[in-house]
Every structure is written in C-alpha cells, then in structure tokens.
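Some features that Swiss-Prot has for this protein:
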{"type": "DOMAIN", "residues": "192-276", "note": "domain 'RCK C-terminal 1'"}
{"type": "DOMAIN", "residues": "279-361", "note": "domain 'RCK C-terminal 2'"}
{"type": "TRANSMEM", "residues": "1-21", "note": "transmembrane segment"}
{"type": "TRANSMEM", "residues": "26-46", "note": "transmembrane segment"}
{"type": "TRANSMEM", "residues": "65-85", "note": "transmembrane segment"}
{"type": "TRANSMEM", "residues": "96-116", "note": "transmembrane segment"}
{"type": "TRANSMEM", "residues": "119-139", "note": "transmembrane segment"}
{"type": "TRANSMEM", "residues": "158-178", "note": "transmembrane segment"}
{"type": "TRANSMEM", "residues": "371-391", "note": "transmembrane segment"}
{"type": "TRANSMEM", "residues": "393-413", "note": "transmembrane segment"}
{"type": "TRANSMEM", "residues": "439-459", "note": "transmembrane segment"}
{"type": "TRANSMEM", "residues": "464-484", "note": "transmembrane segment"}
{"type": "TRANSMEM", "residues": "493-513", "note": "transmembrane segment"}
{"type": "TRANSMEM", "residues": "530-550", "note": "transmembrane segment"}
Amino acid sequence: MSAIALTVSMLALVAVLGLWIGNWKIYGVGLGIGGVLFGGIIVGHFAQTYQIVLNGDMLHFIQEFGLILFVYTIGIQVGPGFFSSLRVSGLRLNCFAILMVVVGGLVTAIIHKLFAVPLPIILGVFSGAVTNTPALGAAQQILTDLGSPPQLVSQMGMGYAMAYPFGICGILLVMWLIRLFFKINIDREAKAFDSSYGQNRELLQTMNVAVRNPNLHGLSVQDVPLLNSDEVVCSRLKRGDLLMVPMPATVIEIGDYLHLVGQRDALEKVRLVVGEEVDVTLSTAGTALQTARVVVTNEAVLGKKIRDLNLKQKYDVVITRLNRAGIELVASNSANLQFGDILNLVGRPEAIEAVSAIVGNAQQKLQQVQMLPVFIGVGLGVLLGSIPLFVPGFPAALRLGLAGGPLVVALILGRIGSIGKLYWFMPPSANLALRELGIVLFLSVVGLKSGGDFINTLVNGDGLAWIGYGAMITGIPLLTVGILARMLVKMNYLTLCGMLAGSMTDPPALAFANGLHPTSGAAALSYATVYPLAMFLRIMSPQILAVLFWTL
C-alpha cells in the first residue's frame with residue numbers, strides 16, 4: 001500500500017473510532033467531536049508501536065485545511081449576528097464573556113511562570129481547558145512562525161488532550177456549584193426570565209388604529225412622516241367594508257382603520273398621532289387580498305433596497321415583515337435584501353405571484369451551495385492571515401494565521417451577505433457538514449501526532465500535572481465570572497448558564513443548560529449572544545499569549 005493510501009486509511013480509522021468514542025455518554029455528558037482526538041491518540045500509539053510510517057506532508061496539509069474549513073464555516077454561520085451582538089442589547093453578556101477570556105489568559109500566564117511549564121505545553125493545555133480546537137491550531141501556527149522546534153509544537157496536542165476532558169465536565173460542575181451556592185430555584189428563574197423577556201424583547205407586533213386626528217384628514221400616506229418611517233409599516237387600510245393596500249398617494253380619511261406592524265414603542269408613537277387602538281379585524285380572509293411568505297433567491301435583487309423595487313406602486317403589494325436568519329425585522333424602505341430573506345407580503349393573488357417571481361422564491365436554491373464564493377472566501381482568508389504585522393520589540397511578525405484570517409473574512413462576508421451575484425449564504429446542513437468535516441480532519445491529525453508519547457507522558461511524565469493546570473484554567477474563570485454575574489448584576493441563572501457555555505464555545509454545556517428547564521429559551525439566547533465574539537477571542541488569545549510569553 002502506498003504512503004498516501006495508508007495515510008488516508010489511518011485517518012478514516014481515526015475518524016470512525018473517534019466519532020464512536022464521542023457518542024459515549026456518562027450521565028448524559030459525552031466528549032462529542034472531541035472523541036476524534038482520543039481516537040487519533042489511540043491509533044497514533046499503535047502506529048508508533050508497530051512502526052507504521054505515514055506521509056508527513058499530507059498530514060500537515062490535511063490538518064491545516066481542516067482547520068481552515070472549520071473556522072471559515074463558523075464565521076459564515078455567526079457573521080450575520082456577530083456585529084449586532086456587540087450592540088447594547090448584548091453588551092453586558094459580551095463584557096462577561098470578555099472577562100472570562102481575560103481571566104483565563106491571566107491564570108495561564110501565572111501557571112506558565114510559577115511552574116515553569118514549557119510554552120507549547122501550556123498553550124496546548126489552555127486550548128484544551130477551554131475546549132476550543134481552533135485555538136489549538138492558532139497556537140501551533142504562531143509558535144511555528146516564532147521558530148519553536150517542530151517536536152515541541154507537536155506536544156501541544158498532548159497538553160490539549162490532557163486538559164480537554166475536565167474542560168467538558170468542569171463547566172457542568174461550575175453550573176451545579178453556582179446553583180448550590182446561591183440556592184437557586186430553576187422554575188422561579190424560568191418564570192422571572194419569561195416575565196422580563198416578555199416585557200423587553202424587541203419582537204414585531206401589530207396594532208389596528210382608527211384615524212381620529214382631524215389634522216390627518218385629506219393627507220396622503222406619504223405626507224404623514226410616522227407612516228413612512230423605517231420603524232413602522234402600514235400594511236392595510238380599511239374604509240367601510242373595503243380592505244386595501246395603502247399606496248403612498250392613498251388619501252387618509254377620518255374613521256379609516258390602519259393595520260400597523262412594528263415594535264411596540266414605535267407603534268405607540270403612531271397611535272398617539274393618528275388616533276386610538278381599536279379591536280377591529282383587518283384580516284384578509286374573505287377579501288380580495290391575501291398574505292404570503294416568499295424567499296429572496298433571485299440574484300438580480302440581492303443588495304437592493306426595498307424602495308428600489310417599487311412594489312407598492314407597481315403591484316399594489318406591501319412587505320409587512322422581513323425575517324433574516326430567524327430574526328424578524330421591520331420591512332423598512334431602506335432595508336437591503338439578502339439571499340435567504342423571508343418576506344411577508346400582502347396584496348392581490350396575481351400581484352403576489354408577480355412579486356414572487358421578481359424576488360425568486362425558489363425553495364430549491366436554499367439547498368444549493370455556491371462553491372465559488374466558498375473558495376473566494378477561503379482564499380481571501382488565507383491571504384489576510386498571511387499578512388505580517390511588524391511590532392517593534394517582537395521577535396516575529398504577528399499574523400492572524402490560518403485560523404484567524406479565514407474567520408475574520410468569513411465574519412465580514414457573512415455580515416455583507418452578497419456582492420452582486422455572489423452570495424455567501426450557506427444552507428445550514430451544508431455549513432454543518434463542512435464544519436464537521438474540517439474539525440474531524442484537524443483533530444484526527446492532531447491525535448495521530450500526539451498518540452506516540454501520550455501514554456508515557458501520562459504515566460511516567462507530567463501528564464497528571466497538566467491535568468491539574470487545565471482544571472485551574474477551566475474552573476477559576478468560570479467560577480469568577482459566574483459568581484460576579486450573579487452577585488453584581490443579579491443575572492438570571494438560566495441566562496448565566498447559557499453565557500458560560502457560549503463563552504467556552506461549548507455545545508455540550510449548552511445542551512446541559514437547556515436541559516435545566518427545557519421549555520425556557522434563556523440559555524440558548526444568551527449562548528447565541530456571546531458565541532460569535534467568544535469564538536473570535538478564543539482563537540486570538542493563544543496567539544497573543546504566545547507572543548507575550550516568547551518575548552518575556
């Protein structure tokens with residue numbers, strides 16, 4: 001068997017064994033995708049024992065390409081919500097996530113200096129303790145750039161493997177300890193969250209308003225500023241028994257009923273000016289109008305503003321809501337259309353058909369992957385990651401690397417959505433498949449490279465000490481941030497658990513947090529809020545630590 005065929009066969013064996021190990025669960029907790037690392041260690045141990053030689057260049061390429069695939073698909077997935085998560089609504093949660101990363105870095109620095117742990121080992125332990133595989137890849141690359149010997153860089157995988165199991169279990173232990181220490185009642189926390197979130201959430205609502213203001217009589221809809229703002233959409237007008245879609249030139253009369261869509265505070269502003277809220281149905285049932293949901297798939301309209309389509313004037317159709325990546329937005333005239341946007345339409349059946357053809361509404365396109373944008377994004381990411389940043393006093397130029405470069409590019413492209421006919425939308429199933437493939441390839445190679453000396457290090461070397469260091473890097477930041485969040489800002493416990501899981505970019509911990517109260521969405525919401533920024537910081541932090549430790 002050729003070296004290439006043997007290498008591919010061994011990687012397949014590692015993946016099968018590792019995924020099988022990852023599916024093992026003890027009290028509902030398993031290693032998940034991390035099992036691939038241990039599958040690689042087992043196979044790597046026997047490969048060295050029986051002197052099986054694999055193609056080193058091929059292993060190196062597969063490891064790096066797997067990492068690129070993983071971080072790029074992560075960036076495309078979280079890109080649309082990354083920048084919005086930094087706004088005021090998630091500012092507090094993201095501040096705690098930043099604090100956790102900083103405390104983890106400080107603990108790592110103290111252990112490195114206090115116990116004289118070699119730099120490659122402590123960075124590997126750090127990556128495993130926070131269960132973040134891209135951090136390991138980023139740390140390996142920056143150490144290689146700094147000139148660290150390859151045999152030392154390869155030891156990082158062992159440090160990662162030693163710390164990883166407690167990284168998975170430690171966060172669950174901390175959640176339990178916080179619950180015990182503060183004597184938390186889960187049902188009470190869930191009710192408190194539902195009450196608070198129900199009052200503050202920025203979901204779109206509807207309101208039927210009767211025109212009572214005599215100053216509006218005889219004015220057209222376009223002459224009333226509040227009815228043309230980006231915060232409220234007037235989707236229907238009822239006059240007597242006639243229900244219509246209001247055009248910009250439609251004249252308002254006293255006694256008209258308007259159906260408005262927007263956030264509650266914006267609707268209240270319109271009500272104060274227009275008249276009073278009334279309990280009158282403006283349903284399209286039994287009328288010439290109907291409602292429909294269509295998907296934007298036509299490349300010709302991507303990036304265009306809703307006003308540019310002139311749907312009201314041409315087709316007497318109004319867009320009442322815009323759903324983007326599961327988030328409902330006001331369909332303001334200035335909103336740009338992106339691939340995969342779901343539009344709620346109101347109009348006559350034949351007009352809705354015409355509008356559907358304009359925006360695309362081709363469901364099958366949502367299941368197709370445009371490969372050209374994928375490789376453009378990957379190429380740009382690698383180029384960005386290769387750009388050297390020279391800092392006076394540093395022994396080597398800083399780079400975003402193969403982990404940071406593709407991530408930053410993917411975040412930006414995911415936020416932009418499309419450029420001309422190129423769109424970076426990726427079906428969730430395709431994104432997940434590429435992401436899982438990438439991480440399996442990366443972990444398989446890391447495990448194979450680490451397996452030869454793993455058992456000896458654990459039994460006869462410093463393996464147990466590394467496990468202890470990892471436990472400190474896992475536990476101290478989690479306990480510090482968890483206690484501060486609960487004591488200082490009285491953070492809801494379910495929200496706190498989701499924030500801790502998101503800060504560790506740990507899906508098994510999210511599953512555990514969701515299981516605390518299955519009907520509450522508190523944990524999932526806070527996890528999604530902090531995950532994008534936390535993932536970015538987790539990838540960048542070992543590179544910063546590596547450069548700082550190297551120079552000190």
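Quick reminder: no glycine exception, Cβ is built from N, Cα and C everywhere.
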Distal contacts, the transmembrane segment (393-413) - CB-CB under 8 A, six or more residues away: 64, 67-68, 71-76, 78-79, 82, 134-135, 137-138, 141-142, 145-147, 373, 377-378, 380-387, 424, 532, 535-536, 539-540, 543, 547, 550-551
Two-stretch contact, the transmembrane segment (439-459) and the transmembrane segment (1-21), at least three Cβ pairs under 8 Å: yes
When counting Cβ pairs under 8 Å to the transmembrane segment (119-139), the leader among 1-21, 371-391, 530-550: 530-550
Contact check, the transmembrane segment (464-484) vs the transmembrane segment (1-21), 3+ Cβ pairs under 8 Å, seq sep 6+: no
Summary of DSSP states over the domain 'RCK C-terminal 1' (192-276), given as helix, strand and coil counts: 30 helix, 28 strand, 27 coil
The domain 'RCK C-terminal 2' (279-361), counted residue by residue under DSSP: helix, strand, coil: 23 helix, 27 strand, 33 coil
Contact call for the transmembrane segment (530-550) and the transmembrane segment (371-391): at least 3 Cβ pairs under 8 Å, seq gap 6+: no
Non-local residues, at least 6 beyond the ends, that sit with Cβ under 8 Å of the transmembrane segment (371-391): 68-69, 72, 76, 397-410, 413, 422-424, 426
Tertiary contacts of the transmembrane segment (96-116), as residues 6+ beyond its ends and Cβ separation under 8 Å: 122-123, 125-126, 129-130, 465, 469, 472-473, 476-478, 480-481, 484-485, 491, 499-500, 502-504, 530, 533-534, 537-538, 541, 544-545, 548-549
